[in-house]
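Written out below as structure tokens is the structure these notes cover.
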Amino acid sequence: MFFFDFLFFFFVCFYMCFVCCVTICLPIELTIVSLLVRGNHFLRFYWCGLERCIACRLCDLICPSLALDVRVGWSFGGHRFADWFTLSYRRCIYCGFCMHVCPTDAITHSLFVMCFCCLAMYLLAPKFLLFGCCFMLFDFYLCFV
């Protein structure tokens, strides 16, 4: 039985090789990607206002899709900080490697679409979800935790 199925699918594939091409041409222009669809990556800060990132560039090196770009800046005291931190949301595959490899826990990720993940926040403040303010408040809170 398996052999006949294999043989049938082989002939179907062989037949489709000689049929005219039906590939749809994709548009060249870039599509708009909403940041709230799959979440936001952002740097966290200490309560005193200093950023946690020490610009070790481990996140930049471990990213499989090369979505991060971190450039090192030096302060007057000789401390390193991230002078330039950019994330390409078109390249990011949301694997989370950058969050797990960070030694200072500087990169965090908002929890995708919050209305599905956080039922208590939806029950306590449904009007914030209607206007989209809940995402901004929660992201601002995570930034300083």
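The backbone N, Cα and C atoms fix where each Cβ goes, and this holds for glycine too.
Pulled from Swiss-Prot, these are the features on record:
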BINDING   Cys53, Cys56, Cys59, Cys102  [4Fe-4S] cluster 1 binding site
BINDING   Cys63, Cys92, Cys95, Cys98  [4Fe-4S] cluster 2 binding site
DOMAIN    43-73  domain '4Fe-4S ferredoxin-type 1'
DOMAIN    83-112  domain '4Fe-4S ferredoxin-type 2'
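Shown on the structure are the features that Swiss-Prot records.
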| residue | record | CB count, 10 Å |
| --- | --- | --- |
| Cys53 | [4Fe-4S] cluster 1 binding site | 22 |
| Cys56 | [4Fe-4S] cluster 1 binding site | 17 |
| Cys59 | [4Fe-4S] cluster 1 binding site | 24 |
| Cys63 | [4Fe-4S] cluster 2 binding site | 21 |
| Cys92 | [4Fe-4S] cluster 2 binding site | 18 |
| Cys95 | [4Fe-4S] cluster 2 binding site | 13 |
| Cys98 | [4Fe-4S] cluster 2 binding site | 24 |
| Cys102 | [4Fe-4S] cluster 1 binding site | 20 |
For Cys59 ([4Fe-4S] cluster 1 binding site): DSSP state (helix, strand, coil): helix
Among Cys53, Cys59, Cys102, which are recorded as binding-site residues, the nearest neighbour of Cys95 ([4Fe-4S] cluster 2 binding site) by Cα: Cys59
Structural state of Cys53 ([4Fe-4S] cluster 1 binding site), classified by DSSP into three states: coil
Check: same-chain CB within 8 A of [4Fe-4S] cluster 2 site center, minus Cys63, Cys92, Cys95, Cys98: His41, Cys59, Ile62, Pro64, Ser65, Ala67, Leu68, Ile93, Tyr94, Gly96, Phe97
Between Cys63 ([4Fe-4S] cluster 2 binding site) and Cys102 ([4Fe-4S] cluster 1 binding site): CA-CA distance (Å): 12
